Structure formats: structure tokens, C-alpha cells
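K.L.:
Have a look at this one.
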Ligand code: MRU
């Protein structure tokens, strides 16, 4: 079996959280050290760390740092709990779309509510954050395994945004499927689209694939349809930020367009996501909050030193779109693949658990 490099975007030291600054990649590998929950919250807002599973893991460590900051400051459990709730709310307000953030914070809140001794709670929170991180890597390996089984011995996979080790605690979701297929000896080529405006494809996915020697072509977003029409792409695999009860899936802006193009060209379109990305409390994608980001991301090149539009240009910059479930061939999770996702298949899948 081919060995794949173990890229990690975060490291918990016991006292601080080290984050690989993804804004600097691929040109520089710099780490930021967070010792406070506010540092973690800002790191999520400012895209030091991004990707649905990664922000969940990092927010969990943010709660641990916040709880440690309160030790000694809070006079009793009631005060500690009230102050920690404010911290949890601050972390929850960093980004609205990826449900993994709220899922991880819910797990941390359960620990806070179950305890009464402050130092025991702090210890239990740390244990929980570490287990969220470890479980994420295990989950991604299982997603990779189930996804790789769907692929033939030779595939040309188009992927969007960055769903790799950098977007998770390690290994990745959609890119985890690529990794697993390569580990199994399949002949995989990846088409990486740039993913305007934030360029997660060009900067991050290309960087990860390069580190591992997995063959890829970088293309601009607008080239995808053309390569599909030429028969050069055999399959599309993307990640997800939130999957509604009926299978509608929010993911990086541009995913919806790719799903329409894949349908038009009869190419399988897979979503790879952990079950923690499902939000069964909402009926459809209409209810998913879509983050609107700073217009400067569209008005300037990523490195911010050159403006590419006239002054006064009005901008819309939704960070995500919703792919209707009808366009999705299957959702690859750590518990198996949901083929032709819809409310019935999804509810049945979760009832089996
Ligand atoms: O804005 P980002 O970079 O956080 O968006 C990331 C994505 O849309 C990913 O595709 C998604 O979070 C899945 S990551 C495994």
C-alpha cells in the first residue's frame, strides 16, 4: 500500500493550540499559537483555519482554552458556567454555515452541563476536544475507504475548494477519498479548480496534492464544463458544510454549478462528508444560512496587493451555495454511502444507526 504524508493543520500542546496559517499557504508555512479562546475565534473568522470539520475541532479547543482562562477567575460553578456560555456563544458566532461548528460546541456544552467541579470539567473538556480531533481523522479514513470502493482502477476526479487534511483534523473528506484510492493503488488524476474568490483549490488543494505526489491539473473554475464535454473528467467529488434532511447540500460557492454540469454530462457527482455535517433539524437547503463575506475578496487578488475591479463596483460574495439533492449521485459518509439522497433514504440511513 502506498504511504501518504500525514499533513495536520492543528496541534494541541496541552496549553495552547497551534494552527497552520492557511492564509499564507502555499508560499509560507507559518504557525500561529493561540492561548486564548478569543485568538481561536479570530483565527476562524480570519480563515487562519477553515473547512467545516476543522473549525468544529478548533472551536472545541477554543472552549478548553476559555475554560482554562476562567479557572481561578470564576468564584464558583454557577459563575464559571455562565461565563463559559458567553465564550461558547462567541465561538458559535464566528461562521454561520458549517454545522460541524455547532455540533462540536454542543458536545462541549454537554460536558459543561454534566459537571459541577470546575477542575473536573476543565479536564473533561480537554479530553472531549482531543477525542473530537481523533475521531475526525478516523472518520475521514472511513469516508476515504467507502469512497474509494466506488471508484474504478483509473479515474480523473474533479474536486472543488479544499476538503483535505487542511480542512479537517487530518486526511480529509473528498480529498480523503482521493488519498484512500491512491493508497489502494488506483490510478488517480485530480482536476483542481481554483475556487474563486478565496482560491482554496489553487492555494491549498494543489499544495496538499503536490506534497504527496498525487498527479493533478490546476484549472480555472470556468474550465470545468469544457473538460467534462471533452470526456476528460470521470467523476466529481466535493465536500459539504451542511446537509439538510432531504440531502440538499451547502458547500463552497461554485459547487452547485459543478453539479449541474455533471448532470448535463452524465458524470457521477459525489459529496463526501461525515455524519456530523448533517443537520436533520432542517427540511431542505432553503433553511441553510449562507455566509456573505467581505467584498474585498472579489475586488482584489487574494494577496490583496492588486485591485481587479473599478472603484465603486458593487459586489455579491456568498461563500457557499446549495446543491439540490437531485443532482447528487451519493453522499459518502463514515457509515457508508447514501445513494440518491433524499428525505426517505437519509432518514432510513440514520434510523439504522
Ligand atoms: O470557506 P471554507 O474554506 O471554510 O469552505 C470550505 C468548504 O466549503 C469545504 O468544501 C467544506 O467545508 C468541506 S471541508 C472537508
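Here the Cβ of each residue, glycine as well, is placed from N, Cα and C on the backbone.
Sharing the features that TrEMBL gives for it:
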- 241: active site, proton donor (ACT_SITE)
- 50, 51, 52, 95, 200, 251, 252: substrate binding site (BINDING)
- 161: site 'Transition state stabilizer' (SITE)
K.L.:
On a simple 10 Å Cβ count over all chains shown, which one of the recorded positions 52, 161 is most densely packed?
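P.N.:
Most Cβ neighbours within 10 Å: 161.
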K.L.:
Looking at Cβ-Cβ distances, which residues of the chain lie under 8 angstroms from residue 200 (substrate binding site) while being 6 or more apart from it?
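P.N.:
For residue 200 (substrate binding site), the qualifying residues are 50, 161, 162, 252.
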K.L.:
Can you go through the binding-site residues 50, 51, 95, 251 and pick out those with a C-beta less than 6 angstroms from ligand 1?
P.N.:
50, 51, 251
K.L.:
Just the number: how many Å between the Cα atoms of residue 241 (active site, proton donor) and residue 251 (substrate binding site)?
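P.N.:
Their Cα atoms are separated by 5 Å.
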K.L.:
Taking only the residues the record lists as binding substrate, namely 50, 51, 52, 95, 200, 251, 252, what is the largest Cα to Cα distance between any two of them, in Å to the nearest whole number?
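P.N.:
Between the outermost Cα atoms of 50, 51, 52, 95, 200, 251, 252, the distance is 17 Å.
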K.L.:
For residue 95 (substrate binding site), which residues in the same chain are close in space, meaning a Cβ under 8 Å from its Cβ, but six or more apart along the sequence?
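P.N.:
In sequence order, 44, 45, 55, 101, 291 meet the Cβ cut-off.
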K.L.:
Around the substrate site formed by 50, 51, 52, 95, 200, 251, 252, which additional residues qualify by having Cβ within 8 Å of the site's Cβ center?
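P.N.:
Those within range, site residues removed, are 55, 98, 161, 162, 163, 167, 239, 241, 319, 320.
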K.L.:
Under a three-state reduction of DSSP output, how is residue 52 (substrate binding site) classified: helix, strand, or coil?
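P.N.:
DSSP assigns residue 52 (substrate binding site) to helix.
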